[in-house]
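Written below as structure tokens is the structure these notes are about.
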Amino acid sequence: MRLANQTLGGDFFLLGIFSQISHPGRLCLLIFSIFLMAVSWNITLILLIHIDSSLHTPMYFFINQLSLIDLTYISVTVPKMLVNQLAKDKTISVLGCGTQMYFYLQLGGAECCLLAAMAYDRYVAICHPLRYSVLMSHRVCLLLASGCWFVGSVDGFMLTPIAMSFPFCRSHEIQHFFCEVPAVLKLSCSDTSLYKIFMYLCCVIMLLIPVTVISVSYYYIILTIHKMNSVEGRKKAFTTCSSHITVVSLFYGAAIYNYMLPSSYQTPEKDMMSSFFYTILTPVLNPIIYSFRNKDVTRALKKMLSVQKPPY
């Protein structure tokens, strides 16, 4: 009997990625390990930045926000996915599905804007170092971070209620491991073309505008680095910027694939793999790419872990 015939109270069924794998138990253990690493590493980074006064700078303020987003990101999807697999129960309530969708859109929108704000921070630090403390004051950083969270919240509030209001009479089986908008829309038996146009326009704003800000910022950064006489200064600037560019490429590449490419280029399997990459792998990679190879962070970590030996 199909899962859709067992639906009670309008519940959905997350078919997930485990049905595609010959050894789901091993994949479940792997995902749980990744989840634990992502949670522990991001919490550690947040604590480091909070405790160590030398990390109280605009750059680490934004990294702190990024870690908070990544921590919430992976917590929205992975626990439910693992519980469903272990309990052999693929159901998710309509409320639970809508909650997943909202937080996913909110966090995704906030991260899009935050990565642009981080690029602007690097632009000011490298191109206008003498005015850095004024242009990137604590008040400015708070305004930028608050704006990122606000834009993400607006994105979630606009798209989620409309998506969940469509009638789902074809099936309640979601070909995904969480309630992502494109996967849920495929179940609707009504015309969703207008909503898809609206969502596409939102993606243009949330993806292409930040990408433009990042591209322009790095254009001027590269020009400034090229003019630097100090080899050490160039190396430090390139190291900082390369970390950010790596994070940007990983996140925006997967997001643009999922939300902006024509549906003819996409399949449920490819969509799940793309979403798996930037909802599960990215939160565990970001602390490594952006911070734990940074000398300031490693020094702060050693300082936090150091234990005073009692005198004998």
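Each Cβ is built from the backbone N, Cα and C atoms, and glycine gets one as well.
Both Ser53 and Leu305 are recorded in Swiss-Prot on the same side of the membrane. Remote same-chain residues near the topological domain 'Extracellular' (159-195) are listed as 2-4, 7, 10-17, 76-77, 80-81, 92, 94, 96-98, 100-102, 104-105, 202, 258-259, 263, 266, 268, 271-272, 275-276, 279 (criterion: CB distance under 8 Å, separation of at least six residues from the stretch ends).
Looking at Cys97, Cys189, the disulfide-bonded residues in this record, the fewest other C-beta atoms within 10 angstroms of the C-beta turn up around Cys189.
Just going by CB pairs under 8 A, the stretch in 26-49, 140-158, 196-219, 273-292 that sits most against the transmembrane segment (58-79) is 26-49. Taking every recorded stretch in 140-158, 196-219, 273-292 and counting its Cβ pairs under 8 Å to the transmembrane segment (26-49), the highest total belongs to 273-292.
Confidence over the topological domain 'Extracellular' (80-100), given as mean pLDDT on the 0 to 100 scale, stands at 89.
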